Ligand code: UDX
């Protein structure tokens, strides 16, 4: 199959690279000339484990290329994927569809021969039909169908998620479109990864409903964690006990400082808006959004407690600023709520994050960045673990304690064992959803 991928953001780039690895001919299109030049030079603009090798391999095999020229890419394609951004619109939380519709317009004028136009971007219900209308209006003679093919990959595990998905969802209405989509995903179907074919609206809804459900699961355990702290229960034991019920499952029950990232915050607000627009308010989702904001803010209170109610002049080390490990993405990261609160209250914040500095420096003014975790904790009165990067798990905690002024630890991802923390000489530990200790 010949595939044109419009947009080389996270989803577009990973999908394009992986499709080429399936053996398809893929041309990735982006309007940003610098991005195209650097992609053609083999430079990957995002940090995603394994992506650079896979990109290099398929580019060398001649199956993967990058261009600004949408016209030729679309003309030659059997399927054109729209993978442009759908950010939250400022002010109202709706998904901003202007990039999707602009892409549809541009694609319309260049279609040649039967083509399936596939939306991979996360889009509200009805968008695929709108894309179809736009194309039909702009090019009444075009031979095409639309299909919806939402993407479920997680940052940091994107390639594995794409290559070994729990399922592929394809919303399509014509046999021809289904045939093309089945052909594209044959390498997965052959290895027994299920391809679920649905109607257009159902496919659009699956993506929102799945993300909102996962955000709800996390938020639920975060509320339980807060109650565990008050009642003597340990949230890790509770998660384990809950997760052993096959109806619940163990995943996405890790308590922490609140969910962030490019999808959950954006998609939960979009779903809430869709509900309001259809007079079917998504009350659970609306509450999840509010509770998640409250969870992030409540972390600041935890830290304040460890700093004896006063951040002024205190030195605070932050381990991890990205919204999760193995990514350089700072979008809606809990650090964006927590660090400004600390800086605003007079703390001197020292951040160590293996990948976050490039994006984070501008977003978190007033903090200093340190490559080495031992250097970051130098002279600090509090160490806060915000993102569970592997490199923080195996640190020499004794060495950390020696470098600190007041060895207090807020382990907001519960990555350290209380015994190890005590043995290392920390004088206070505040985890999430369990007791911790404080030596006077
Ligand atoms: C998510 C969905 O998982 C993916 O299917 C969709 O395509 C895009 O959105 P992503 O945002 O990359 O993926 O990361 P994910 O691993 O889902 O984590 C999202 C947030 O939830 C992170 O801030 C993470 O720290 C938090 N989280 C996740 C928890 O706090 N606890 C958990 O148990 C799991």
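Placed from the backbone N, Cα and C atoms, the Cβ positions cover glycine too.
Keep in mind that TrEMBL annotations are predicted by a computer and have not been checked by a curator.
Together with 30, 35, 86, 122, 155, 266, the NAD(+) site in TrEMBL holds one more listed residue from 191, 230, 331, which is 331. Among the candidates 314, 315, 324, the residue that TrEMBL names alongside 152, 153, 154, 155, 207, 252, 253, 254, 255, 256, 260 for the substrate site is 324. Within 10 Å of the C-beta of residue 35 (NAD(+) binding site) there are 18 other C-beta atoms, taking all protein chains into account. Taking the Cβ of residue 122 (NAD(+) binding site) as reference, residues of its chain lying under 8 Å away and at least six apart in sequence are, in sequence order, 86, 95, 150, 151, 207, 208, 211, 263, 266, 267, 270. Taking a C-beta cut-off of under 8 Å and a sequence gap of six or more, residue 30 (NAD(+) binding site) has these contacts in its own chain: 7, 8, 12, 36, 39, 66, 68. Helix, strand and coil residue tallies for the domain 'UDP-glucose/GDP-mannose dehydrogenase C-terminal' (317-418), in that order: 33 helix, 18 strand, 51 coil [DSSP].
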